[in-house]
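Working notes, beginning with the structure itself.
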């Protein structure tokens, strides 16, 4: 049977979700969307996501695609999904559009952008930040963290910052790693890469926190990076302060080429 592919852009507050992936008995982002789609369509669809997020991680723009036999009008589909999910106030379907068959939410993507929010002892702590900001009980040195971040940018083996895995490469192209202290004292870590390994963002920011507090030297950090093996010296920060900002894609005529390139790298 012929199917029509749809691209769904989604935003969510991850505080009360057990991640994205549908799991029996657990409240997940993908599970709620899948349940809504099952009420709309006769066939049980599969959802392909651009960037899988762990429990507690938020998203301003997550992207997924789904293939449907029923081929509903995308405007109707958007309104129907929003109606079915209206009681889920921490989840919102931003858009629903028909996509070409060679669009792939994961493999067509050329970039993922994240921000991790931290506050240190320089600034006052407000309880309402507890779901979105990581609190560090130390004075962090911004200039040291910026030097560390600039030294990590580029095409490298990020095995030191990735959850150990038997299969697949840990080579990634980190294009952006900025450390910006906001007027209210929060420190925002902005990262962009072609892709990120599991826990890679939280480990990268964790390494900078250790550098900023003086617990890790720049020399040691770059040595661990070169060795490309996980070390307890680089902590994994909690997920609640991490937000997926968005997913970037090439122009439509480049989808097929990008799909092939990504599959060769990641599978």
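Note: Cβ is positioned from N, Cα and C throughout, glycine not excepted.
Cβ neighbours of residue 54 (active site, nucleophile) (same chain, under 8 Å, six or more residues apart in sequence): 19, 199, 239. The active site, nucleophile feature in Swiss-Prot is assigned to 54; the stated evidence is sequence analysis.
Among the features that Swiss-Prot reports, substrate binding site is placed at 114, with the record citing sequence analysis. For the recorded site, residue 114 (substrate binding site), the DSSP three-state label reads strand. For residue 114 (substrate binding site), other Cβ atoms within 10 Å of its Cβ number 26.
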